[in-house]
Every structure is written in structure tokens, then in C-alpha cells.
Amino acid sequence: MERKREKNEEGGIELEGINDERKEKVKKEDEEFSVERIFEDKEVPSWRKQLTVRAFAVSFLLSVMFCFIVMKLNLTTGIIPSLNVSAGLLGFFFVKTWTKLIAKSGMLRQPFTRQENTVIQTCVVASAGIAFSGGFGSYLFGMSEQIAQQSEHRTDGFNYKNPSLGWMIGFLFVVSFLGLFSVVPLRKIMIIDFKLTYPSGTATAHLINSFHTPEGAKLAKKQVRELGKFFSFSFLWGFFQWFFTAGEDCGFASFPTFGLKAYEYKFFFDFSATYVGVGMICPHIINVSVLVGGILSWGIMWPLIENRKGDWYSADLPPDNFGGLQGYKVFIGIAMILGDGLYNFFKVLSRTLIGLFLKLHERKANSQIPVTQHSFPSIESQSYDDQCRSQLFLKDQIPIWFAVGGYVAIAAVSTATLPHIFHHLKWYHIIVIYIFAPALAFCNAFGCGLTDWSLASTYGKLAIFTIGAWAGASHGGILAGLAACGVMMNIVSTASDLMQDFKTGYLTLASPRSMFVSQVIGTAMGCVISPCVFWIFYKAFPDIGYPTSSYPAPFATVYYNMAKLGVEGFSALPKNCLKLCYVFFAAAILINMIRDGLGKKRSWFIPLPMAMAIPFYLGSYFAIDMCVGSLILYIWQKLNKAKADAFGPAVASGLICGDGMWTLPSSILALAGVKPPICMKFISRATNNRVDKFLGS
């Protein structure tokens, strides 16, 4: 028998060859477990037919809904769970319902395919992604007057840029598309040659593939039914709560669950369906970490520092002054975030470089193996699924000249436009960012493929410090740093998102061209929808951004103070704050090292520093909501694991979506000047007696 050199299933090399019997066995196993054989009787539509009007109509409606949800999460805590399951499920449901109705009338021209489902998923996630990377809860809103006023000791002489619909839309349009063009030429290397997993993209693809099997379609219907039930409950619960919120600290959201003293230190259950749902989606360790951070800060540290009033900081300062207790809350939290971010940046970067080296070495080794005219390792070694997917993935090429030309053209427009939007950000700052951006976008996309971890916000923070320090305090370094953060975050975030979508498309036989076009259209939708949604919040709630608001936008304050720290140094920090910052910065790195040293199985009880830092500024109320959600899911899994795994994400998505959508009518009511009729407030017995006496007199 003729000897051949072929790749084995693990990617190694078999020098002795595979006999015909072994090949036949592999082929049979392949057929047994093949996904594509299930769909082999269904024609794959061309890339143009995958881009349907109904797909983009549904995408637009879902984009509006998800932008409201992400915006609410952005402006409350900044914790945003993955909404891919919801987007895929709702996209499937709406178009399937659409096609069924049209089919009954006999006018259906094109059936609903998994490729079209993937287009919807890509478009919605791209659009909703702009609500995060657009910085409405971080760098962009951090430029505003209300955030700057809280962070500055002086009352005048500081730079700020208040939100305006025009410049926000213009800014997003000139920076959000660069990331898409920066990694397009690398799609074959990332997906086929390096076979990067992109866990989120792979999970989404498996979900979409399952929807389009008979069994999966039945399960999807049941999941949509559950989602609809809890969506309705969550929406109506938000509506009911609204009636009791006529004043400050009124309503169920201010219920002192553990007593008034605990409420004073932000320990209470606020009956938020959104964060109960978030807790059901987030891993248990995230929820527990947030609660541990809340107990450490609001339960121990802040009361102790408060006792030092008059010594560590002036007793005459108002509670929200950054020269007092507020400064400790924000800067110690920033220290933990930076320590965690820096550690993970170097961890993911090192893994990326090692992974890249190994992949290149493996590729070089494979290319050196002699191949006879009768042996084709790249074809014979591939499974049936991989052959189908690779063939279709390579069929619709996106020319390199188009990607490079698009990047250069948009970069040129952006370089000319951005200095007119942000006067402190100079053209040479932007050019430097755009020179380094493709390399950083590649690193982020590659690292995301290995670890499913996007470090977009970390790259943004690096831009804050480098460009802010370069511009200097006297030349508006704070605004320049925040604007540079926005440019960098948008590039690296959209780059990793696009590569995740390419992986999803690869596994569902969706064309790379339809994926790219869908991502572009979704990004364009997001550039308009997200600023409009933010504008509704901004106009409807005048106290947005303040600690006492329903929408405190904590990361806007954090990002502004990071920029301030990078430009002005440590001189503005309260007494002993810098020492505490050093301790918590080092602690974040040490905790991460211990977690990685112990491994996944043994580190399940060690909290995550990034999650611990979030309640330092906000308090523990949302952590309690999330832990309630986590507890519900845990008990459900103990009672019926199969049902909990199948319907848990749908129930959680319903809770998040319903409460998130209630913000639209509540914003409209606020804009119209319609106020709730009742104030339900909780006061102590002594205060109640004084009120009774006052009313009696």
C-alpha cells in the first residue's frame, strides 16, 4: 500500500499513513457526528440572498430593544452580560413567524435559513455593541460638565464637552468602521489556518444550527414562550413600581430590606428584575465577587475611613467631593481595575504571542512535509464538515485592496474630522493611534479567539494615559485622553467582534461577505440608534451621572478620573489614598496570580478583582440582586438541571429585556412631565413620630 503523510485529528503528523480500513472508519464516525450532513439536502443561498430585507427589518427592531437594555446597564452599573442567546432566539422567532404567515398566503419566495439567522445575529450584536464601545456610560459621558464638576475641586477653569446628538453620531461614524477593515485580510489565517476557537462565536453558531433542526425548532418555540412570559412580567413589574416613585428615595427600589442602617451603606434588595436576570446569566463567581467587593468596601473600609473625617480629609467637605470620602471610593476602585486590567493584558498578550508562535511553527512544519501528487493532506485530513465550511468560507473573498483602501480612506477622513469635534485631540495624536491600531486590533482579535476575552477597555485605558500625558494638562489632556480612548476602544472592539462573527458564519455556512456587510449595516444602525437612545436618557433624567441618580453612570466618573490621574498625577488625592491605591493595585495582581496558579478547578472560591471593584463606588444593592438570580438558577439546576440549562438563559433574557424596555415608556413619561402619583418612603420610628407631630400641629 502506498504511504502517505497526513494530519491526524489533533493536528499532529502521522508519518506512516492511514490504511483504507482506518479511513473508512474515520469517514463513518465523521458521518455519525456531522452537523453539515443534517443540512446537506438544503441549498446554501448566495451571499446576496442571505442579506434579505426582512432580516434587516427584524435586526433594526431588535437593535432598538437591545440598545435600550445595554444603555440602561451602562448607566446603572456597567455590568453587561452576553445577550447573544437572546438576539439569536428572538431573531429566529420573529423571522420564522414572518415566513409562516407569508407561507399561508402562498407568497413566500425564500425560506428562512440558518445563514439568514446568522446575518440577523451579527447585525443586532454589532448595533448593540456600539452602545457599549460608544462610551455612553464611560469615556464619552465622562467628558460632560456634570461628571467633571463632581471630580474637580474648583468651580471653573476645567474643560468639558457636553453631549450633543450631532457630534456623537458624527464621532461614531468616523471611528466605528476602522476595526472592521483592519482585520478582514486576516480572516483565513485566524479561522482556517490557526483554527482559533472563538468560544462565544462557536456557541452562537451551535445555537443557530440547533434552531434549524426539527428538534431544535421545537425547543426554540418553548424557549421563546418562556422568554415572552418573563418579558411581560418584568415589563409590568417595572410599570407597577413606577407608581410609587414620586420623590427621591421612594418606591420598591429604596426598600430597606436589611434595616435602615444597612440601607444607608447600600445593602438592600432593590427588586430589580434586570439584575436578577443578569445574575442568572453571569457565572456564580462573578456574582459572589461583586458581593464580596461590596462587603469589603461599604461594610468595612468606608465606615472606617469615615471615622477618620477631620484627620484624613476635611470634615466640612460635602459627601460627593473628591477631596473627601468620595475620592477614596473612586480611586481605590480605579487602582483595582488597573491592577486587574494590567495583569490580564500581559497574560492575554503573552498567551497571544506564544499561541501565534506555535501556530506559525506548526504551519511551517506542515509546509515542509513533501506531498506526492496522490496525497492532499489539507483535503483528506479534514472532516466532511470542515471541507464544506472551508470551501464556502474561501469562496466569497473580500479583496485585500478593498480592506486596505477602506482603512486608509476612513483613517484619512477621521484624522481630518476628529480635531474639529475634539479641539484638544490633534491630528498627529490620531495618526499615531491609527499606525498602532491594526497591530493592537490583531492582538485583541487573536487573544479573543484563544480566551474569549476582549481587552478593548484595557487598550482604551492605555490610550487615556499615553495621549492624555502627551497632550498635557494645560492643553486639555483630560479630554484628549478620553477622546483617544474612544478611538482605540472602537477599533479593537469591532475587530474582535467581526472575527467572532466570521467564526459563527464559518460554522453556519454563512458567507464572509454577508457577515461583513451585516456587520457594517449593524454598526451603521448602532451609530444612529445608540446616541438617540442615550439622548432620551440624558433629556428625560436631568440628574443622570450623579451618585444619587437612578442612572449614576459610575464608569463615566471612573474614566474621567483615570484621565485626570494620567494628566495631573497624584497631587489631588486625599491623605493616605495613594498608599491604599498601591495596596489594592498589588492585591489585584496577587489575587489573579493565585487564581491562575491554582488552576480552574481549585480557584473557584477566589473572587475576581475586576468584579470586586465595581461596587466600591456604587454599593452592594445590585450585587444582592445578582446573587438572588444566581441562587434561583442554582436551586433550579439542583431540582432539574436539564430544564434549567435549556430555559435558564431564556428566563433571564426575558427579565432583562422586559425591565430594559420599560425604560422607553418611563423616559417618554418623564419627557412629557408626567410624574408618578405616589411616594412610598421608608423612615425610622423616631422620624415617623416627628412627622406625625408636625402634621398634627
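Glycine is treated like the rest: Cβ placed from N, Cα and C.
Automated prediction, rather than curation, is the source of TrEMBL annotations.
Residues or ranges marked as transmembrane segment in TrEMBL: 51-73, 79-98, 119-141, 165-186, 288-305, 325-346, 398-421, 427-450, 462-495, 515-538, 577-594, 614-636.
Under the criterion of 3 or more C-beta pairs below 8 Å, with sequence separation of 6 or more, the transmembrane segment (165-186) and the transmembrane segment (577-594) do not qualify as touching, having fewer than 3 such pairs. Here the transmembrane segment (51-73) touches the transmembrane segment (119-141). Their Cβ atoms form 3 or more pairs under 8 Å, with each pair 6 or more residues apart. Most Cβ pairs under 8 Å with the transmembrane segment (119-141) belong to 462-495, among the candidate stretches 79-98, 288-305, 462-495. Away from its own ends, the transmembrane segment (462-495) comes close to residues 126, 129, 132-135, 138-140, 142-143, 158-161, 171-172, 175-180, 182-183, 414, 418, 421-426, 429-430, 433, 437, 440-442, 444-445, 454-456, 519, 523, 559-560, 562-564, 566-568 of its chain (Cβ-Cβ under 8 Å, at least six residues beyond either end).
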